[in-house]
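Engineer: Next up is a structure, given as structure tokens.
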Amino acid sequence: MKKITIAIDGFSSCGKSTMAKDLAREVGYIYIDSGAMYRAVTLYSIENGIFNGDVIDTEKLKEAIRDIRITFRPNPETGRPDTYLNGVNVENKIRTMGVSSKVSPISALDFVREAMVAQQQAMGKEKGIVMDGRDIGTTVFPDAELKIFVTATPEIRAQRRFDELKAKGQEGSFEEILENVKQRDYIDQHREVSPLRKADDALLLDNSNLSIEQQKEWLSEQFGKVVKE
């Protein structure tokens, strides 16, 4: 069976990572969370004084980005990969609201996207990968054999994020999360470099009212169709 590249793009908190991880595990592919890479750069920026309030010291980050290396290693307890920033596990740190509120302006910077896209393309050279993000099917792997674009209503996505934070024992109000979701949608769709959009050849999946099992079944079906071609 031929190996392919699978690109899953879509809005924040619409379950891209969960479905990408599950699909990768099911078909024996490597999963790469591109969103986690931008979150890791954001965390680095927060921890290294690159933010002054909401203002980014772009010159300082431009100098630092050359030495920022993001990798993924399997976590035997979860069965899924954790994110490492320069060799340090930051999986839990990058999922906080503090990082969520600052990740969109960081990921909108052209030199940050250029650096991350280069790392992502290096990871996917041999195919056999599932990568999710905002511009995987349009910019990172425009020739991916299977492209999915995922969407859901802002309210449903905010509720999912709220439930996820609550399960991890982290605080956050639903209203604050909903506002963050809407802000990120706007920034992601209107940035100058690689804005969020559905690739012309991507399949659309609105999972507002789908269970995880229904999603899995649909994704498996699409994967099967492509690898048999």
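Just so you know, glycine gets a Cβ as well, placed from its N, Cα and C.
The feature ATP binding site is assigned by Swiss-Prot to Gly10, Phe11, Ser12, Ser13, Cys14, Gly15, Lys16, Ser17, Thr18.
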Engineer: Among the binding-site residues Ser12, Thr18, which residue has the largest number of other Cβ atoms within 10 Å of its own Cβ?
Structural biologist: Ser12
Engineer: With every protein chain in view, what's the tally of Cβ atoms within 10 Å of the Cβ of Cys14 (ATP binding site), excluding that atom itself?
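Structural biologist: 26, counting other Cβ atoms within 10 Å of Cys14 (ATP binding site).
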Engineer: Indicate whether Thr18 (ATP binding site) is helix, strand or coil by DSSP.
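Structural biologist: The three-state answer is helix.
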Engineer: Return the count of C-beta atoms lying within 10 angstroms of the C-beta of Gly10 (ATP binding site), excluding that atom itself.
Structural biologist: 27
Engineer: Output, ordered by sequence, the same-chain residues six or more apart from Lys16 (ATP binding site) with a CB under 8 Å from its CB, or 'none'.
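Structural biologist: Long-range Cβ contacts: Ile8, Asp9, Gly10, Gly35, Asp132, Gly133, Val150.
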